[in-house]
Amino acid sequence: MLDPKILRQNLEHVVEKLRRRGFEMDSDTFLQLENKRKEAQLAIQSFQTKRNQLSKTIGMAKSKGENPEPLMAEVSQLNDELKQEEANFETIQKAFSDFQLAIPNLPHDSVPDGKSENDNREIRQWGAPPGFDFTPKDHTVLGERDNQLDFEAAAKLSGARFVVLRGSLARAHRALAQFMLDLHTDQHGYEEVYVPYLVHEECLYGTGQLPKFREEQFQVAGDRNFFLVPTGEVPLVNLARDEIIEAPALPKKWVAQTPCFRSEAGSYGKDVRGMIRQHQFQKVELVQLVQPENSYQALEEITRQAEKVLQLLALPYRVVELCAGDLGFAAAKTYDLEVWLPSQNKYREISSCSNCEDFQARRIQARWRNPKTGKPELLHTLNGSGLAVGRTLVAVMENYQQADGHIRVPDALKSYMGGVDYF
C-alpha cells in the first residue's frame, strides 16, 4: 500500500510514476474520496465541539439549580447525529482503503521503461549453453523412461497441470530442494522456517495478492476463510505482521520450502505440456526484512544468492531487469533469473527477486525501532525464489541429458543422490 501522505501531497507525481507501469490511477475518484473524508472529519469535530460545550453548559445549569433536561435532550440528539456521521466516515474510509488497495507499488527510478517482458533488460549471462551431438529432448520425453514423469496418473488424480514423479526423478526433486535449503542456511545466513500452507485472507492482502488477483488463488471451501499459499513469500512476510523489531535483530533472513498453489487463470494455452506451468509446485523462498537504507543492497544480495544455486549446478542462465510495465503488483524493482532450456532453445524464468520497499510492510504494519528516534518505522521487505524446484529439475534434465536418455547428476547433487553418476 502506498503512503497516503504521498498521495495527498504529491498526487501528480504518483500518477506519472504509476503510468510508467501501465496503471492509470483515477485521480478524480481519489480527490472526491479525499474531499468527502475531510468533510466528514470536520463534521465529526464540529459535533464533538458542540457536545463538549453543551456538557459544560449542563454542568453550569445544574450548579445554578436550573433544569438541565432541555440541554440533555439536545446532547442526546447531537450524539445520534455524531454516531451517524461517524458511520458515514467509516464508510468513506472503507472506500478510501479499497481504492488504495487497488493501487500497485511505484517503480523505482532505476527501473527501465517498457510495457511488457519484451522490454526487459538483460543484465548479465553466466555459463554457455551445452553443445550436443544429438538432438536434445524435451523433459517430458526424457521423463517417459520407466514412467517416472507421469502426467496421465496426475490427471486421473487431479486433472491437467499436475504431475506424479516416481523413482529417481522423485529423488532428484527432493535432492534439489534439500540442496537449496542447505546452501541458503549454511552459506547465506538464512533461518529455515516451516510455515502453514493454509493462510487467512488478510495474509494475501498483506503481500498484495489480494484484492486484485483473487481469481488466481485457491480458496478453501467452508466456514473458515483459508487460502492455499501461492508462494512461500505470503506466510514468511506475514510473520512480521504487527511486529516491531529492534535494530540489532535486523536483517531478518528467512527461507522456507513450500508447495505453491496457483489457478493459472489467464494462462490458457501457455506451457500446457510438462512441468513449466503447474497448479502445484515446490519452491524454496527467500525473504529479507531490512532497514530502508539497506534494501537495494539486499536486493543485489538476494539475487546473487539465487544465482549461486544455478552456478553450483552449472546451469547456464541470465539475469534480466524487469521493465516498469512487467513489474509485479507489490514490487518496486525486480530481477528475474532465466535458465537455459535446450529443447526450447531459449531462457525461461526460474526465479524472481524483488524489493517491495515499504509497500507490504505498510499493509501488515511490519516495523523496526529506529534507535536514533526511539520510534517505530516501516521495514522494507524483499523476496526471491531460491529456486523453483520443479523448473530446476527440468533444467537439470535437459542440460545434463545423455544420448541414451539418462541424466548425468550434477556434481553438487551427488551427495544428495547416493553418489550415483546418472539417473
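Cβ atoms are placed via backbone N, Cα and C, with glycine included.
According to Swiss-Prot, the residue from Ser116, Ser158, Ser385 that belongs to the L-serine site alongside Thr231, Gly232, Glu233, Glu285 is Ser385.
Each of the binding-site residues Thr231, Ser263, Ser385 was assessed for Cβ neighbours inside 10 Å, and the highest tally belongs to Ser385. Taking Thr231 (L-serine binding site) as the reference point, the binding-site residues whose C-alpha atoms are within 10 Å of its C-alpha, out of Arg262, Ser263, Glu349, Ile350, are Arg262. In this structure the alpha carbons, written CA, of Glu233 (L-serine binding site) and Glu349 (ATP binding site) are 17 Å apart. All chains included, 27 other C-beta atoms sit within 10 angstroms of the C-beta of Gly232 (L-serine binding site).
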